[in-house]
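Taken verbatim from Swiss-Prot:
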BINDING   25-32, 93-97, 147-150  GTP binding site
DOMAIN    16-285  domain 'tr-type G'
Amino acid sequence: MSMANEIEREIQEAVQKRRNFAIISHPDAGKTTLTEKLLLYGGAIHQAGAVKARRDQRKATSDWMEMEKQRGISITSTVLQFEYRDFQINLLDTPGHQDFSEDTYRTLAAADNAVMLIDAAKGLEPQTRKLFEVCRLRGLPIFTFVNKMDRPGREPLELLDEIEQELGLKTYAVNWPIGMGDRFKGVYSRRQKAIHLFERRSHGSQQAQEDIIKLGDPKIEEYLEQELYYQFKEDLEILEELGDDLDLAEVHAGKMTPIFFGSAMTNFGVQLFLEAFLEYALKPEGRNSSVGVVEPTHPEFSGFVFKLQANMDPKHRDRVAFVRVCTGKFEKDMTVSHARTGKTVRLSRPQKLFAQDRASIEEAYGGDVIGLNNPGVFAIGDTIYNGKKLEYEGIPCFSPEMFSYLKNPNPSKFKQFQKGIKELREEGAIQIMYSTDDFKRDPILAAVGQLQFEVVQFRMLSEYGVETSLEPLPYSLARWVKGGWSALEKAGRIFNTITVKDNWGRPVLLFKNEWGLQQVKVDHPELNLDAIAPVGVGMEPE
């Protein structure tokens, strides 16, 4: 066999073993806990740190930033990689706080599958619906985990109906809960035709002990109260008679969601979910690019930057580019082309990511996410490649809803202030705009919610040593002008708005309210305004 054929076979085998997914949920649905339990079953950690039953337990592995540890919320995306039964899994952990939907969107651009986490007591919540729409836009397969079954909640059949009616998805319950709240006894696996009975252990900090009983085994009556058993049998009959059959083609097309029930905190159903997910999930697929769809088994390496993070290691003040490998084989120290600038870049010190912990890696394949040292070369959406030039679709910016000048009251900290703004802007922690008035040089922070302002101020102080102040602006809508500055000049004077420029120097109109926006549309029908920024492919940030 020739060397080329050997490499192609190696790439094909590696891609078959890759599974990549992001978890989406409303805040407090238990996302960080589920993430940790998947790592626990994958052997990546030995004791789950999300559980606060004992003081000596470590903080949640995926919440690594200082502010996250202080507040107990996820405010930045991280990547967690682990192996399970010969699969290489890339888990993209997304922010749980609603202010960070934009960072979540960028992460979903790198994911092949999404896991939708739902609180059994609350059902579908606003943030879940919003993120579901982003998944639908991207055509991602969606797997649903109904969490907190060990607490009082809504009827499982009612939850299935809500998903079908509100999201327009067909549902297939892969497992089914037996009891709920204090009477929750475990789950029935429809794949195995067996009941998994679980026992609480150390508040779920270690893998759950379980007994498995086949349906029809007389022992069932020893474990389950008669009423629970009859209710379970009745539910099962309804599912079998009225429910859809599992259709993986429909799952992969994002039209059907396999549903799992469990409790991440106490480990009920977590391993069953992981094993079924690995069997059903989409492996890395072809991606749209400037040269058409490129398959992950294509022999030449390519990938795109979906996230930048400064100061992941506070001791070294480093900057890391998160790259989704799309095709071919990545190798340490390889030289690649940078599509936006046309420059060649040597990729030394590549890293396998695990929250803030990193280890050097020698190789990676389609579906993997790697960390690259970023000496100011990369921007979000950048493509790197070997061989024939190609560029993947960029990642758009969404319309912010809050605006504020960020001021530096201490002139002696000017350099640190500028460095912090530049790095946080490149990272996409917040959108930054500037006034068109040359006398107003303070950057305008443009955020989805208030927490983003707090994060920027916190990081400016803790990472760059700069105390800052905010001067809020009375605007709530931003619209990009298609056609740029020339279109704006032709329109002449515009009332009910101010004009600012974005990171790429493009004109953006800010409005105080929807009425102001509609008035400008009436007065200037020739202006084409967009709530999503044009993708900055082939452009240099200002």
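Backbone N, Cα and C define each Cβ position, glycine as well.
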For the domain 'tr-type G' (16-285), the mean pLDDT of the predicted model: 82
Cβ neighbour count (within 10 Å, all chains shown) around Lys31 (GTP binding site): 25
Which of Ser25, Asp28, the listed binding-site residues, has fewest other Cβ atoms within 10 Å: Asp28
